[in-house]
């Protein structure tokens, strides 16, 4: 038997994810440390810092389309960029801080890799680590570590909701992590991902019900009930995360997703007696 076929002890397997996260973190922060700064793209100058400012201090009474239509995106993910900018952080340490935040996307990617390669040998562990590395080596993802973009942060709940949706397929999952609980948590995070970026919505609405249906065990009736649970939790997650921002937009513009589909909200404004 070769060394790659050797079975890892249970204690070593417990440390697999922390080790993968540590290696990923070192790789992430190595990019701004090596470059000595992070880039300021047009997006950063147009709306990244501005939206962080809005997250801390709403400016609806003073600004109108200050960053174009992007001035009304969900702003709270941009707050760290704004805060580090006004506090005078160097590009290096701002880059390290932002790269560290992206670490939240590593565990769900590893969970997906373990579903595809669930074995306990050295070879299996190496393949899982390689899969995680490859997931972060595309040009689009690597560019996130040299910019103020928060696309990875906005994608984090989407990756988590997919990983949690597939937990029922994991033979090694804890006994308390029932299909209903995995679907409920997955749905909450699916809703959060839509709140973070509305463009995540079509993907969530198409992919997640299918994932819940196919990954859940039992008869088709039980699976359909779990899909309904996931959809309900998605709505709950969206409402919980988006409520404060959506309410602010509604109070100011009569449209919780302003400026999109503003004409469609005109009848709702009339029915609700909305007035600016």
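Cβ coordinates are placed from backbone N, Cα and C, and glycine is handled just like the others.
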(request) Select from 62-82, 125-145 the stretch of residues annotated by TrEMBL as transmembrane segment. (result) 125-145
(message) Tell me which of 37-55, 151-169 corresponds to the transmembrane segment entry in TrEMBL.
(response) 151-169
(message) Using Cβ atoms and a strict cutoff of less than 8 Å, what residues sit near the transmembrane segment (227-250) while being 6 or more residues removed from its termini?
(response) 58, 60, 72, 74-76, 165, 180, 183-192, 194-196, 204, 208-209, 212-213, 216, 256-258, 274
(message) Are there residues at least six beyond either end of the transmembrane segment (12-34) with Cβ under 8 Å to its Cβ atoms? List them, or say none.
(response) 91-92, 94-96, 98-100, 102-103, 106-107, 110, 120, 125, 128-129, 132-133, 136, 142, 145-146
